[in-house]
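Enquirer: After the structure tokens below, expect a handful of questions from me.
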């Protein structure tokens with residue numbers, strides 16, 4: 001990092017943290033007690049504070065990573081500063097842990113952008129800092145910085161694991177992946193993603209060697225015709241049935257293999273991936289979740305994905321390949337018809353934005369979910385088009401992980417999209433400065449509206465005196 005860039009990064013990170021502290025103070029003045037899922041998380045952490053580690057609320061569905069990390073930070077700080085009494089593990093103090101995780105995420109996002117795009121000499125330090133600031137303010141993640149939820153810590157350990165993987169520190173990466181798993185069990189998918197990075201790199205090297213042997217430079221390892229894809233799949237099968245290649249891959253990825261094995265042992269002993277109350281977290285095959293994620297991504301990345309150029313390219317592709325797109329449309333309609341599920345929370349909890357998205361869009365008419373198929377197709381095409389700079393093996397690996405982390409979820413919950421979105425956004429090429437500024441401005445507006453609604457537009461349910469607030 002050059003001196004000018006270092007100063008710029010320090011200023012951006014310090015400014016963002018100061019702004020977050022001011023917003024944190026405002027939110028804690030308005031909402032002093034636990035809200036929403038904090039009703040479960042805060043008392044559990046407060047039980048851990050005095051050392052009651054065997055006490056557990058059966059309504060909590062995640063492992064105790066958040067509470068252990070909180071005690072590990074709060075207790076030494078209390079001893080150092082002489083804090084006593086209820087302030088030590090108050091709701092405000094516990095929420096502040098996520099503010100620290102948020103600062104860590106800011107730094108990790110910068111390091112990841114630097115590492116992933118280090119070969120692109122056209123990217124300036126200012127662009128890296130601007131993209132870091134934008135991603136750190138990603139609305140769905142940024143909102144939960146100010147509540148005692150698992151998301152900031154989950155993102156922190158997953159991004160840290162990804163960074164260590166990119167630097168080849170796979171044992172450290174697997175250990176950090178375990179920490180991420182302790183925050184949220186589905187983060188095991190991103191451990192597989194880290195291992196997949198290693199495998200994709202080896203496959204790309206072998207594929208290039210294969211092309212050189214055949215002296216066929218016209219075939220690309222990144223994108224091509226349908227026949228090229230068939231050829232790549234044949235190569236993939238041939239490579240993975242070789243015992244020598246499998247041994248090589250296992251030798252490179254053994255820390256991840258151990259962690260994934262531990263995960264399966266946990267699932268077998270626990271009788272499922274969810275701990276505690278499983279009644280509202282049943283796994284199912286919910287393919288439309290992928291369509292919701294793609295729409296979510298287009299919405300939050302519209303400066304990159306929803307451009308006149310991309311729309312023209314999509315229409316041209318549609319005209320050139322009508323049979324393929326017709327087949328995709330038919331498959332999409334079938335998946336929506338057979339695999340759409342509506343969680344009871346989605347219909348009942350009017351505090352979440354997803355409640356209004358579902359009611360205002362999908363519940364307008366039974367056919368709406370089918371009419372949206374062209375939107376999903378464009379979103380999917382535009383999404384894939386921005387990843388064309390990555391190798392075909394990396395793309396396949398990412399999409400497998402994306403399916404694994406979204407499709408089994410029955411509840412439409414925007415928080416589940418945070419990590420797949422961030423990893424996608426980190427890996428697309430740097431856009432123009434204008435589009436970066438537009439994206440940042442959009443995030444600032446969305447955050448401003450979100451926090452205004454949360455703080456000022458409160459309401460009450462019938463037969464309840466509790467104040468309710470709108471949130472993601």
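A Cβ is built for glycine as well, from the same backbone N, Cα and C atoms used for every other residue.
Automatic prediction, not curation, is the source of TrEMBL annotations.
Keep in mind that what you see is a predicted model, and the values were worked out from it rather than measured.
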Enquirer: Choose the correct range: of 45-64, 65-84, which one does TrEMBL annotate as transmembrane segment? Give that range.
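Expert: Checked against TrEMBL: transmembrane segment maps to 65-84.
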Enquirer: Looking at 222-245, 246-269, which one does TrEMBL call transmembrane segment?
Expert: 246-269
Enquirer: Counting only CB pairs under 8 A, let me know which of 6-27, 327-347, 367-384 has the most with the transmembrane segment (289-306).
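Expert: So the stretch in question is 367-384.
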Enquirer: Could you check if the transmembrane segment (155-183) is in contact with the transmembrane segment (96-117), meaning 3+ Cβ pairs under 8 Å among residue pairs at least 6 apart in sequence?
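Expert: Contact between the transmembrane segment (96-117) and the transmembrane segment (155-183): present, because at least 3 Cβ pairs are under 8 Å.
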Enquirer: Are the transmembrane segment (129-149) and the transmembrane segment (6-27) near each other by the rule of at least 3 C-beta pairs under 8 angstroms (pairs 6 or more apart)?
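Expert: Yes; at least 3 Cβ pairs under 8 Å.
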Enquirer: Apart from its near flanks, which chain residues at least 6 from the ends of the transmembrane segment (391-408) lie with a Cβ under 8 angstroms of it?
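Expert: Distal contacts: 186, 189-190, 192-193, 196-197, 199-200, 203-204, 207, 221-223, 229, 232, 236, 283-287, 289-290, 292-293, 384, 416-417, 419-420, 423-424, 427.
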Enquirer: With a Cβ cut-off under 8 Å, give me the same-chain residues at least six positions beyond the ends of the transmembrane segment (129-149) that come close to it.
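Expert: Same-chain contacts beyond the flanks: 5, 8-9, 12, 16, 20, 23-24, 27-28, 34-38, 41-42, 45, 66, 91, 94-95, 97-99, 101-102, 105-106, 109-110, 113, 155, 300, 414-415, 417-418, 421-422, 425-426, 430, 433, 436-437, 439-440, 443-444, 446-447, 450-451, 454, 471-472.
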